[in-house]
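What follows is a single structure, written as structure tokens, with notes after it.
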């Protein structure tokens with residue numbers, strides 16, 4: 001038995017300079033686990049509740065001392081003496097202790113920090129890397145990254161409505177080669193933007209945030225940069241979008257303020273289909289708003305046979321929300337963010353449910369990140385085959401790529417880069 005003897009939380013800073021919670025778990029054999037919790041900028045209405053202090057005198061109300069106190073008090077007292085390898089029991093006890101549907105009493109950030117730290121401590125106690133401890137002998141798929149190289153929407157201060165323009169190195173034969181390809185395109189894009197007179201400041205996730213007029217202009221710069229780096233758009237490197245459309249869905253219309261367009265669900269679906277017809281776009285995240293179920297079903301009927309349609313705000317990593325989508329025929333993929341649901345067990349349940357019904361899963365970071373690289377291990381543990389963890393700059397993003405490179409080295413010849421194999425794109 002790997003008995004939990006201490007749980008300690010502290011308030012640290014994330015990549016945006018906002019407070020977040022970090023948790024250390026210690027076991028009776030001396031094993032330890034540490035986890036830091038991320039936070040999003042564009043958040044779904046159905047996400048688990050992130051506990052913030054609301055004290056305007058500290059961090060403009062964004063402090064997390066209440067969550068820290070919950071961990072160091074109630075949660076520590078409840079879990080002391082438990083076997084850390086009983087992950088589902090640990091998570092269930094915390095959910096029951098909280099007693100609310102969305103983890104709003106203790107805070108999903110408090111619960112998640114403990115959940116992940118317990119898993120890490122148990123992995124160390126078992127003398128296994130986290131991906132192997134969670135995924136077993138079959139954990140060996142290195143995910144194809146979605147690399148966010150142009151930022152818009154809530155992730156940047158520019159007029160571009162679509163939140164993320166990403167590249168996917170689909171022809172790479174390894175994660176290390178995929179990272180190299182992405183980095184080369186990233187640097188080519190920087191020069192291309194600079195030569196065109198645009199600034200090369202970066203947004204929350206490390207992508208560039210130039211003052212562009214439209215999605216077409218953003219994609220045009222990326223296509224040029226792929227070619228400038230020596231690659232073939234669509235063959236070596238495909239494109240992916242995160243529309244984050246809930247952010248601009250107002251009164252039943254999709255308000256593309258940057259492009260001066262006000263579109264119905266059907267019109268916005270056609271707008272996206274037009275982009276897919278002209279560019280090698282394999283995946284679109286949040287192509288419709290979180291409550292526009294009819295729009296989602298129509299978009300899936302329109303594009304679902306040839307484009308991966310990823311539900312983020314739609315599903316919020318929640319198996320119950322995903323079950324509704326499965327029944328309705330909405331989307332064909334789920335974005336997986338551990339802090340949307342608040343425990344490791346529920347996260348794994350969402351991935352399992354998706355795979356069971358032929359949906360893909362994309363492991364994802366948040367815009368407010370830390371140096372914690374847990375999601376890299378989770379991507380390999382679940383064999384989901386795709387990861388979304390930002391651009392090729394900022395240490396909070398690079399930490400995940402570097403961890404994947406280490407895992408690939410550990411796996412050796414049994415490791416396999418996913419490439420196109422795990423993408424629902426016809």
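Glycine is treated like the rest: Cβ placed from N, Cα and C.
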- Message: Need one residue: from 328, 388, the one Swiss-Prot lists with 163, 337, 366, 367 for (2R)-2-phosphoglycerate.
- Response: 388
- Matching residue for the Mg(2+) site, where Swiss-Prot names 242, 312 - out of 217, 266, 285, 346: 285
- region 'Disordered' range according to Swiss-Prot, out of 10-31, 32-53: 32-53
- Measure from the CA atom of residue 163 ((2R)-2-phosphoglycerate binding site) to the CA atom of residue 312 (Mg(2+) binding site) and give the result in Å, rounded to a whole number. 13
- recorded positions near residue 366 ((2R)-2-phosphoglycerate binding site): from 205, 242, 285, 337, Cα within 10 Å gives 205, 337
- Message: Tell me the Cα distance separating residue 367 ((2R)-2-phosphoglycerate binding site) from residue 337 (active site, proton acceptor), rounded to the nearest angstrom.
- Response: 11
- Message: If you measure from the CA of residue 242 (Mg(2+) binding site) out to 10 Å, which recorded positions from the list 163, 205, 367 are inside that radius?
- Response: 163
